[in-house]
Ligand SMILES: CC(=O)CC(=O)SCCNC(=O)CCNC(=O)[C@H](O)C(C)(C)COP(=O)(O)OP(=O)(O)OC[C@H]1O[C@@H](n2cnc3c(N)ncnc32)[C@H](O)[C@@H]1OP(=O)(O)O
Ligand SMILES: NC(=O)C1=CN([C@@H]2O[C@H](COP(=O)(O)OP(=O)(O)OC[C@H]3O[C@@H](n4cnc5c(N)ncnc54)[C@H](OP(=O)(O)O)[C@@H]3O)[C@@H](O)[C@H]2O)C=CC1
């Protein structure tokens with residue numbers, strides 16, 4: 001399949017990173033969000049990342065200009081009519097994703113693949129919102145997208161082999177390493193990572209240690225690049241909570257119950273780095 005134009009839905013931390021790596025690989029990109037300000041925020045992030053690369057002499061200023069020129073802004077979902085490949089990176093919520101997929105199914109050309117960057121939600125269930133479940137697939141990038149090598153590729157029950165092959169090849173074209181996994185809550189990455197983060201939050205909640213101490217133990221003791229609470233702030237505490245809820249509901253096992261402190265922070269709007277406060281303060 002010949003992919004020329006890739007549309008990214010959601011210009012948040014993941015969507016902007018996904019748009020950046022596609023534009024860097026030479027694709028035309030349409031970056032979509034609900035309004036101009038959100039699209040602009042995503043483009044600002046891309047600009048900052050590329051400027052850093054120019055300063056480090058990894059790309060030239062002309063390369064940067066060309067990459068940015070390949071990214072078109074969008075606040076109208078009917079721009080999907082121009083896309084060969086769509087990756088959805090909106091909020092981690094089944095209702096919102098199903099609504100988006102139902103609309104994209106109507107607006108996108110028949111050949112267009114509809115991928116989702118969901119962290120944990122079942123691909124098979126997202127696909128039921130469309131009349132093309134064979135063209136729906138999970139393409140799960142890791143944060144920060146320009147740096148992390150993994151793409152977890154998840155087939156829904158109905159995903160066609162050719163669609164899997166397209167995503168496998170596309171991931172390699174982006175310089176990433178695809179790994180195929182089955183469609184179960186949290187897939188592999190978040191089934192393992194998120195209970196560790198949730199347990200780190202319990203250790204703070206139960207007064208075992210401060211966030212700083214927990215992070216230091218895991219960084220120095222286990223050689224993790226970031227401690228689990230710094231990582232939770234980096235991912236977004238709302239996203240961490242949604243993932244824990246998906247695991248809890250999906251497996252029906254209380255070992256996945258989200259820590260009450262995580263719920264409290266999310267209710268308070270302490271979502272981590274993106275809102276300036278989570279386990280740490282950023283402003
Ligand atoms: C929730 C999910 O569904 C799945 C997930 O994504 S879970 C999260 C997975 N991600 C992780 O676990 C990340 C863990 N952290 C790390 O690997 C590292 O701390 C890190 C890569 C983020 C930063 O690395 P570091 O060595 O501490 O910092 P630093 O030296 O500043 O950065 C290394 C490189 O990353 C780049 N970088 C750092 N943060 C970046 C960002 N947010 N965006 C783009 N590039 C970034 C830097 O520019 C630098 O690039 P060069 O090698 O080209 O110079
Ligand atoms: N954070 C992470 O480390 C990772 C996250 N993911 C997944 O990627 C997805 C996005 O996460 P992330 O980028 O962190 O989240 P962010 O909150 O940074 O960004 C989500 C963006 O999508 C927008 N949005 C919400 N609803 C819609 C809609 N109906 N149409 C278009 N845009 C919409 C949001 O707007 P608004 O601000 O108004 O809500 C926001 O700009 C989630 O599914 C998440 O689970 C996957 C891998 C890693």
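If you go along the chain as it appears here, the first residue is 1 and each next one adds 1.
Note: Cβ is positioned from N, Cα and C throughout, glycine not excepted.
TrEMBL lists 10, 11, 12, 13, 14, 15, 33, 92, 97, 119, 143 as binding NAD(+), and of 267, 274 the one it places in that same site is 274.
Checking the binding-site residues 10, 14, 143 for a CB within less than 6 Å of any atom of ligand 1 leaves 143, listed in sequence order. Proximity of the binding-site residues (10, 12, 14, 33, 97) to ligand 2: a Cβ under 6 Å from the molecule is found for 10, 12, 14, 33. Max Cα-Cα distance over the annotated NAD(+) binders (10, 11, 12, 13, 14, 15, 33, 92, 97, 119, 143, 274) is 21 Å.
DSSP labels the residues of the domain '3-hydroxyacyl-CoA dehydrogenase C-terminal' (186-282) in these numbers: 66 helix, 3 strand, 28 coil.
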